[in-house]
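Swiss-Prot annotations:
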SITE      44  site 'Part of a proton relay during catalysis'
BINDING   45, 203  pyruvate binding site
SITE      107  site 'Part of a proton relay during catalysis'
ACT_SITE  133  active site, proton donor/acceptor
ACT_SITE  161  active site, schiff-base intermediate with substrate
């Protein structure tokens, strides 16, 4: 099982918009060295919405190859058409991912019945463990705990990434889904409390730029060391809001580039690079977190 501090990795790109595999390899090595517990490849932060299926699968496969068994890789397999999600799932099933992360279908706003049918179909297309992903702020559909509970009986659905920031859902999900169902926070600002309330891990945006500090916070929270968790959070919590001054992954990709971890900050349309007005704000937050900028 996958626990702890998990990075929602950015997908580095060359100036022409193609994937920068050299920088991708460097990012994988960086997170292994920093102690990150797992990597999500081509999720929301990895620009899954603008990578066609063939390229999407190729990026996940290369991430697995670069990791070479040293860190678990979770492949994003979400789409707003069930047939497309099944296609991605089948394509990712043979590349060596430890699990897959599937966001709720976005824009078309399925009912709970539709969500259950969608995830049932996706899970049936593979033996690889599946993690559900609820982020209504981006998808316009909220998968409530009672809907999640109806999917627990499917053997390869192992957990959910809950990104509403509503901490009351931790207890509700645990009560409805049982102790073995994995609960991951998808909201950096409430991640420490989420873990303290019984969560198992955090799939994080900020982890891209403060992996060591983020892991320290997660480890302390999971072990019940409230003081150490608060101390680790204090040094980086400013980033939890500043990294969302524009739509994710715009700010974090800019920050990763400023750290010299990727060759440039190219991001695919319709997203554009961080607006100049926010450069100072993000640089100040990075400075306060003692991040070296090149």
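Cβ atoms are placed via backbone N, Cα and C, with glycine included.
For residue 133 (active site, proton donor/acceptor), other Cβ atoms within 10 Å of its Cβ number 27. Distances between the Cα of residue 203 (pyruvate binding site) and those of the recorded positions 107, 133, 161 are shortest for 161. All protein chains considered, the CB of residue 203 (pyruvate binding site) has 29 other CB atoms within 10 Å. Between the C-alpha atoms of residue 45 (pyruvate binding site) and residue 107 (site 'Part of a proton relay during catalysis'), the distance comes to 18 Å. Between the CA atoms of the residue listed as 'active site, proton donor/acceptor' and residue 44 (site 'Part of a proton relay during catalysis') there is a gap of 10 Å.
Sequence-distant neighbours of residue 44 (site 'Part of a proton relay during catalysis') (same chain, six or more apart, CB under 8 Å from its CB) are 8, 76, 103, 135, 138, 248, 249, listed in sequence order. Note: the CA-CA distance between residue 107 (site 'Part of a proton relay during catalysis') and residue 161 (active site, schiff-base intermediate with substrate) rounds to 19 Å.
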